[in-house]
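Visitor: I'd like to ask some things about the structure below.
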């Protein structure tokens with residue numbers, strides 16, 4: 001698929017938030033920064049079980065960057081998310097210059113440049129692209145436990161497609177986390193968002209859940225930025241998976257549908273969950289959450305945990321329309337902190353589950369809803385803001 005120069009894409013549904021809504025530019029910044037915050041916080045305990053986390057950080061677990069001796073470092077999910085955004089950015093730049101560009105090829109070339117930063121030789125058969133602005137930033141060149149399937153898939157030198165994916169049977173959560181940028185392109189149809197995201201997932205993973213999970217996550221982000229409430233956006237994405245035709249005529253992945261349904265059921269609307277007067281909604285404990293939704297190592301598990309974390313800690317919101325982020329002082333930041341605490345503190349892939357949750361929250365509340373101290377602690381905040389600014393400018397957001 002390519003962006004055709006000079007086209008006028010269909011308008012999205014009218015936003016349901018008005019005066020209190022963050023700007024679209026703030027949503028782009030918030031999505032990329034929120035994902036990075038979650039990734040950095042979760043990567044500190046990525047390989048720890050819940051007992052080890054509680055032993056290290058106390059009975060509340062890891063809830064802030066302050067206990068981390070080494071500071072906060074963006075990890076592989078953020079690196080790939082930013083390279084996804086840069087691939088999209090290049091395709092949009094070509095389109096704005098009047099030249100149609102193959103979007104997935106641009107993303108693939110961006111991923112190959114990322115592969116080189118991880119100390120993996122790019123195969124001679126792969127095309128060579130000149131460096132771009134993003135490649136000059138040292139914070140993105142550290143090797144932070146990247147997904148082996150991403151490395152092996154890109155190292156083949158073959159551009160995977162939905163019809164011929166590399167790593168054909170491999171599932172993995174990284175396809176989901178890195179796909180947020182596809183939801184940040186305004187004025188395109190949901191089916192296009194899904195296709196762009198699923199196509200890019202096939203560059204490294206072939207399992208239906210990995211591809212479909214990426215597409216559904218991007219749709220959720222797209223719905224949030226178009227003005228839907230958090231639960232409404234999650235239900236919309238799930239409905240698309242159930243009801244809309246998918247690529248190759250394939251059936252929706254049963255495990256993906258089941259996990260998302262479980263996340264929605266277990267989170268419940270805020271006004272229907274059991275609550276304690278002082279502590280708010282009753283949440284599943286870390287062990288129960290993993291038992292119900294998995295460890296977050298696969299696409300469907302990671303997306304389910306992130307959706308649960310965001311919705312189970314959310315303040316009450318209208319069931320339809322007028323999904324205005326609460327304006328109570330500090331309420332957005334409190335929700336971000338609570339949701340990421342759930343997404344981080346469990347015996348599973350905390351970096352990816354927290355990255356996905358952070359992306360959703362940032363897209364909903366905008367950058368202003370994220371804790372300022374956490375943003376200041378990020379080692380790559382300048383490059384993230386720079387890339388978000390470029391994406392904002394090229395999309396006209």
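Each residue, glycine too, has its Cβ placed from N, Cα and C.
Heads up, here are the entries from TrEMBL:
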{"type": "BINDING", "residues": "76, 77, 351, 352", "note": "Mg(2+) binding site"}
{"type": "REGION", "residues": "1-21", "note": "region 'Disordered'"}
Visitor: Run through the Cβ atoms and count how many others sit within 10 Å of the one on residue 352 (Mg(2+) binding site).
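Guide: If we count other Cβ atoms within 10 Å of residue 352 (Mg(2+) binding site), we arrive at 35.
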Visitor: Does residue 351 (Mg(2+) binding site) have same-chain partners at least 6 apart in sequence with Cβ under 8 Å from its own Cβ, and which are they?
Guide: 38, 39, 42, 43, 46, 75, 76, 77
Visitor: What residue among the binding-site residues 76, 77 has the most other CB atoms lying within 10 A of its CB?
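Guide: Per the Cβ count, the most surrounded site is 77.
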Visitor: Compute the centroid of the Cβ atoms of 76, 77, 351, 352, then list the same-chain residues not in that set whose Cβ lies within 8 Å of it, in sequence order, for the Mg(2+) site.
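Guide: Leaving out the recorded residues gives 39, 42, 43, 46, 75, 78, 144, 145, 147, 173, 174, 177, 349, 355.
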